[in-house]
Each structure stands twice: as C-alpha cells, then as structure tokens.
Amino acid sequence: MIKNFKLKIKNSKVLIISGPTATGKTGVAIKLAQKYNGELISADSRQIYKGMDIGTGKDLNKNSIFNFQFSINNQNVGFYLIDKTPVWLLDIINPNQSFSVAQYRQLALKAIDDIISRGKLPIIVGGTGQYIESIINPQDTFNIKPNYFLRLFLNRLPVRLLQLTLRLLDIKTFRLLNNSDVNNSRRLIRRIEIKLSRKSLLSKRDLGRLNTFHISLTDNIDNIISKIDSRIQSRLDLGLIDEIKNLLIKYKWTDPGLNTLAYYDFKPCLVRTHHDAFLQSCIDNWSIHEHQYARRQKTWFKKFTPNYFIDISKPNSYKQIDSIVSKWYNKRI
C-alpha cells in the first residue's frame with residue numbers, strides 16, 4: 001500500500017465515471033480520455049480475471065496486446081489499448097485466485113501514480129461500488145490482510161455463533177451493525193478478523209485523500225434492463241458457452257472467477273451430459289441476476305452522493321458531461 005501519499009498524487013486530479021451496468025460508462029470515459037489526455041483504470045471486479053473476456057465484456061479484440069508496466073506481489077500490472085486509449089487493471093489474476101478491495105486500491109494507486117507521472121489524467125471507470133469507494137473513501141482497515149486459517153475455522157460456524165463471537169470481542173461494533181450486516185457471515189467474519197488482528201488501523205495520513213471528481217451515470221431501469229438483455233444475446237453469440245467450457249478445463253466452479261455473474265448461472269446445464277435442454281433456463285436465470293445486480297448498483301451509487309448524476313437517456317447527455325468535466329479540469333487547484 002502506498003503510505004504517506006506522494007504530494008503529486010494528493011494534489012493531482014482524478015476523474016471517476018461510475019454507474020450501473022449498460023449505461024455506457026466505458027464509451028464516455030474513452031471520449032473524455034481522448035479529449036483530456038487521460039488513461040482509464042478499470043473498476044470492475046470481474047474484468048480482473050484472465051481468460052474471462054466475453055462474459056465480463058472486456059471489449060478486447062483477439063489481437064489485443066497486454067502492455068506490462070510493473071509487478072506488485074507477483075501480480076503483473078499494465079494496460080490494453082481500447083480505441084487507442086490505455087485501460088489499466090484488466091487481467092490481473094487467474095480465475096482461481098482471490099482478490100480483495102485492499103489489493104485493488106493498492107494497484108489502482110500505483111497506476112494513478114504512473115499515469116500522473118507522465119502528465120496524464122487518471123480516469124477510474126466501472127460499476128463495482130466497493131472498488132470506487134476504496135478510492136474516494138478508503139477504510140482504515142486496509143492494512144489488515146485476510147487470515148485464511150481463521151476464516152477456515154469461522155466459516156464452519158453458524159451465523160448465531162459468529163454474532164456471539166463478535167459481541168464478546170467488540171460489543172460497540174456489533175451494536176452499530178445493520179440488519180443485513182448482522183446476518184451476513186462474511187461480514188461478521190471480517191469484523192472478527194479485524195478485531196483479532198494485532199495490527200493498528202491506518203491513520204488519515206497513511207490513507208490519504210485523492211482530489212477526485214465523481215460523475216455517476218444513470219438511466220431508467222427499464223432502459224437498462226432492455227440493454228442488458230441485448231448484451232446477453234450478443235455475448236452468447238460471441239461464444240460465451242465455449243469460453244466457460246474452456247475455463248473449466250483448468251478451473252473449477254468453486255473458483256472465485258467462475259463463481260460470478262454470467263458464469264455460475266450456466267453450472268446447472270453444463271454439469272449435465274445433455275445440457276441443451278436446460279440452456280434456456282440458465283440464460284433466463286442469468287438475465288434475472290443481471291437485472292437484480294443493476295438495481296443494486298443504482299442503490300449503491302445513490303449513497304455515494306457523487307458530484308453529479310447524469311441521466312444518459314436525456315438529449316445531449318454527453319455534452320453535459322463534457323461541459324462539467326471541462327470546468328473541473330481547467331479549474332486551478
């Protein structure tokens with residue numbers, strides 16, 4: 001983790017383009033990058049996986065070349081060119097590897113530093129709210145790494161025992177949990193893990209605050225759902241089923257990458273010998289899960305209170321975005 005932020009990072013501008021799936025974030029970000037001499041940093045929790053291209057919509061052609069820049073903790077970091085614009089933080093890990101929000105922040109900060117050092121504008125673009133939150137409002141627990149041995153034990157416990165454990169360790173934290181958190185095993189385990197860690201929490205100085213400007217794109221949910229369904233058909237036509245089959249030669253359904261949208265939805269039919277009869281059911285489930293995810297994203301980004309919400313269904317929405325970015329970009333710090 002980059003501690004004691006370098007002055008150039010703290011005082012340099014970082015643009016963020018967020019929003020639900022199918023709102024045209026990448027297209028908007030690429031236009032802005034080309035006008036304002038920028039480079040993109042992906043904030044997509046599925047596009048970090050190698051070999052998972054069609055289902056995650058990476059928009060890479062077969063001849064795309066990975067431009068390696070540096071390595072952190074055995075993770076090769078670099079960029080691909082999409083419409084001649086560098087896009088960072090794609091293809092970071094294999095589908096059988098885990099990747100935390102803290103790891104994302106570490107790599108994103110390094111990419112931001114690299115982009116700024118060359119006099120360019122970092123543009124973070126994506127729909128994974130936790131990744132974006134790690135840049136805008138970083139948590140003081142990022143330096144506390146997962147304790148996999150502890151998790152192995154705690155994962156065997158029912159929720160009620162996890163609740164009791166956290167109550168005994170930290171009653172104040174337990175009382176602050178909402179109903180969703182208090183019944184979520186994964187979140188309870190993380191809080192127990194933090195409490196049992198001997199590491200101190202990061203200070204505000206260590207965490208730093210970037211000079212970010214956040215625009216969140218939005219659209220009517222019916223429009224989003226219609227675009228999602230068109231995208232689903234397009235990805236099927238591009239060969240998503242074959243992509244999944246090829247991944248299963250090397251990886252398992254339980255691996256983190258394959259346990260994501262557009263992939264695990266096809267497990268019920270692909271584990272069967274005569275899977276064609278179940279294919280439409282799997283496609284329907286995928287569609288439902290994508291719709292649900294888009295609704296959750298809309299809710300998530302509302303709580304962020306971005307600098308601006310832009311409804312892309314309105315006429316001249318890109319001109320509005322460009323005007324807003326231009327004023328911010330040309331304003332002296």
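In case you wondered, yes, glycine gets a Cβ from its N, Cα and C as well.
From the options 24-27, 44-47, 184-187, the stretch TrEMBL describes as region 'Interaction with substrate tRNA' is 44-47.
Shown in sequence order, G127, L217, D219, I224 are the same-chain residues outside G19, P20, T21, A22, T23, G24, K25, T26 whose Cβ sits within 8 Å of the Cβ centre of the ATP site. DSSP assigns K25 (ATP binding site) to a helix. With every protein chain in view, the residue among the recorded positions T21, T23, T26, T128 whose Cβ has the most Cβ partners within 10 Å turns out to be T23.
Of all the Cβ atoms in the protein chains shown, 23 others lie within 10 Å of the Cβ of K25 (ATP binding site). For the region 'Interaction with substrate tRNA' (44-47), the number of residues in each DSSP class (helix H, G, I; strand E, B; coil) is 0 helix, 0 strand, 4 coil. Using the Cβ center of T21, A22, T23, G24, K25, T26 for substrate, the list of other same-chain residues with Cβ within 8 Å runs, in sequence order, G19, P20, G27, G127, L217.
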